[in-house]
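S.K.: Could you have a look at this structure, given as structure tokens, before my questions?
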Amino acid sequence: MTDVPVSRIRNFSIIAHIDHGKSTLADRLLQVTDTVQQREMKEQFLDNMDLERERGITIKLQAARMNYKAKDGQDYVLNLIDTPGHVDFSYEVSRSLAACEGALLVVDASQGVEAQTLANVYLALDNNLEIIPVLNKIDLPSAEPDRVAAEIEEVVGLDCSDIIQASAKAGIGVDDILEAIVQQVPPPADTVDQPLRALIFDSYYDAYRGVVVYFRVMDGQVKKGDKVRLMASDKEYVIDELGVLSPTQVQVEALHAGEVGYFAAAIKAVADARVGDTITMANSPAAEPLPGYTEANPMVFCGLFPIDADQYPDLKDALEKLKLNDAALSYEPETSSAMGFGFRCGFLGLLHMEIVQERLEREYNLDLITTAPSVIYRVTTTDEEVIEVDNPSLLPPIQKRLKVEEPFIKVEMITPETYVGTLMELCQSRRGVFKDMKFFTQTRTALIYELPLAEVVTDFFDQLKSRTKGYASMEYQLIGYRENPLVKLDILVNGDGVDALAMIVHRDKAYYVGRAMVSKLKELIPRHQFKVPIQAAIGAKVIASEHIPALRKDVLAKCYGGDISRKKKLLQKQAKGKKRMKAIGTVDVPQEAFMAVLKLDPQ
């Protein structure tokens, strides 16, 4: 057993928007409490994936146990459970918040409250956490602590009269933060005598030990060698290794209610130890699991194909390995006439999709083509059957469809007032429905829109950032399905449909998208020896077309003067050859053409 009583344990997390200094603050807390020796310290200690360091975001959750001697002379154990700040991972955030009793709300003193911060604060309030506001980066010349403190009071409704002013980089105010955690965050409930219940808030795959599970003991106690059951996946394991994270793993014999630790038990895949699952004893299980477990469902889908067909087995292996570590990733084999063999993959959101692609290319040295992202459509067929379609090429023909429904999301954008107009215009052009507008302070405004998810998955976020010079932030949640007049837009190159370019669009926008698409392809597909028509069609009706003229040799060059019939003969011979070539020739569609779909601007 670790010797600290439950009353002297504090479990807390840090809530902050991307770039507001959360990881740096975590570094300082580790340093001040001597958890990490000075020589081992490096920037962003808890972000241990290269990609996290590079993008400056936290993807996987980290946890760290710190021993702190408070001003009252007592020794406390502080467990920091770090959370990802990005909207795609909000389920993981909610689980890690459920493992805490308190949270530090870190806000950049020069920027103020952002949308994702707000979303996570609401999650924290739902979990009844004690929230301690902290102003970070107060040493910046552009810091406006009074304005931002007023904004936090206004927007979040927290009392900021004694807000902690800190600078994680300069190390200002770190002791105040530690004291505030001890004084204000309530200790965990003392339920050591009850049957074991523990919450899994993260897990990762280790090549030697199998899955390593990070968990927080809610009730009871757990010892090394215990046989435990995971309630959602209903599997039983014997704990081989039990320990605490200070941030490196340190083995212990037992953990009791209120403590945070890890265990390894030869679990084969992360999917068997899902985030949010409840751990209990196999022989004396708890009556009911901890609340709040849900399966993470993918929302965005796209096809991944290797540029070189020989890399297909490598892509398969890479996806299998990533899946061990990322339970939210789903994939199934797919074949395409244009691209060959590949996989249809499902992701939590756009950032998740980009990260998976980048990890595949970086860690497994693969060259990939990705098709345009799509969402799950619900189609009711004429036989009253409801099917879910995540790939445009699988949409049933128009005669067999009664209605098509698409997922809608509620988007909350927080922006400086000057950019409200351009953002409203952006949402309007994406079939958005205006719902509400709130003025937080003189300069900051929240816009709430309902939008089809399909309109957001392509480049909405990039547009939002570029139209507001990077100042706006957004947060979204799924609100359900709605019926819309959606059609499948096919792209035909030389008379053949290219399934990787097919897309599902709103009927009113189909012409503009088709028009933009064919003119873009005309620029990107190289000229061939024969004329290549490019068409956009809905069913059998062509709505837009372009032609790429043939490359042709001047066959009359050697006829100086001479008879017209001689020239006609040569031209007809050439035309005949071109005709034959067109019948048997294939058109080479380059990789850029598939990428162009993502960056279309159908105006």
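The backbone N, Cα and C atoms fix where each Cβ goes, glycine too.
From Swiss-Prot, for reference:
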{"type": "BINDING", "residues": "ASP19, HIS20, GLY21, LYS22, SER23, THR24, ASN136, LYS137, ILE138, ASP139", "note": "GTP binding site"}
{"type": "DOMAIN", "residues": "7-189", "note": "domain 'tr-type G'"}
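Relative to the rest of the structure, where do these features sit?
M.R.: Secondary structure at ILE138 (GTP binding site), as computed by DSSP, is coil. Counting Cβ atoms from all protein chains shown, ILE138 (GTP binding site) has 20 others lying within 10 Å of its own Cβ.
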S.K.: Tell me, roughly as an integer, the mean pLDDT over the domain 'tr-type G' (7-189).
M.R.: 74
